């Protein structure tokens, strides 16, 4: 167990290194720079001084080595477009917004998906099952930007019930949260239904019914307990996806989170912010996969990692 965790942590560090090289090379391969004329009109002397102050006049291998050394000491530099503000401070400021949005979306996806999946499986081939399956399929096939646009058109433009964007009040949270939660809700509902149907045919469940146990006890203690174990590997990848932000959802609803800042940083060629956001996202995804594997191990003692 300890050896497995250590090997996974080493793999995470290796992944971070590879991602840092790839993102750094890609940033500098794209035409344009953070202090070009169209972004920040400067004299040649002023531009040269700024480039020198940020170390952008050095060879690329020196720039990367300098960045890697500082990043190893948790110093990710300062933003080019927000002078004097450390990247790690900016990330700490914008990530709670994404965490808030993703946390609410995850809660809705889990509760709604489990409810639809279990309800559909227990009432297989009925109107309730077809309705649950229809909602799940709708969530899976409709892209975020289409769903978000439809919700804005209906609830903001036509009905005027909810604001079309922003993040200031709880009313602003409703539309982006619904948009963000529907796709993972569909995933959870589909896999839950399949898993519950499989467990319902197991011998121990048939025995429980034969003993005359109540439906509530059979479902909660014998069906759900075993059906949820395979779902851990399905839910695990959904968590980092929701907690690292969506470019489309945050862009459409003007949510000031990681996804929104990632897009603006790319446009502004804010290299430290791009690197910081990419590494933070990679770390969250890798750590969540590790956590889901360990949780699966705890939930099913039969599983052993070598």
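Yeah, the Cβs are placed from backbone N, Cα and C, and that goes for glycine too.
No curator has checked TrEMBL annotations; they are predicted automatically.
Here the structure is a predicted model, which means the values were calculated and not measured.
According to TrEMBL, the domain 'ABC transmembrane type-1' annotation covers 95-296.
Note on the transmembrane segment (9-30): residues 60, 63-64, 67-68, 71, 269, 271, 274-275, 278-279, 282-283, 286-287, 290 of its chain, located 6 or more positions outside it, place their CB under 8 angstroms from a CB of the stretch. The annotation transmembrane segment is assigned in TrEMBL to 9-30 (among others).
Summarising the annotation, TrEMBL assigns transmembrane segment to 99-122 (among others).
When Cβ-Cβ distances below 8 Å are used as the criterion, the transmembrane segment (134-161) is approached by residues 113, 116-117, 175-176, 178-180, 182-187, 189-190, 193, 246, 248-249, 252-253 of the same chain, each at least six residues removed from its ends. Residues or ranges marked as transmembrane segment by TrEMBL: 134-161 (among others).
Annotated transmembrane segment per TrEMBL: 173-191 (among others), in sequence order.
Under the heading transmembrane segment, TrEMBL lists 227-253 (among others).
As annotated by TrEMBL, transmembrane segment applies to 273-299 (among others).
Away from its own ends, the transmembrane segment (173-191) comes close to residues 100-102, 104-106, 108-110, 112-114, 116-117, 120, 132-133, 135-140, 142, 144, 147-148, 151-152, 155-156, 162-164, 167, 230-231, 234-235, 238, 241-242, 246, 249-250, 252-253, 255 of its chain (Cβ-Cβ under 8 Å, at least six residues beyond either end).
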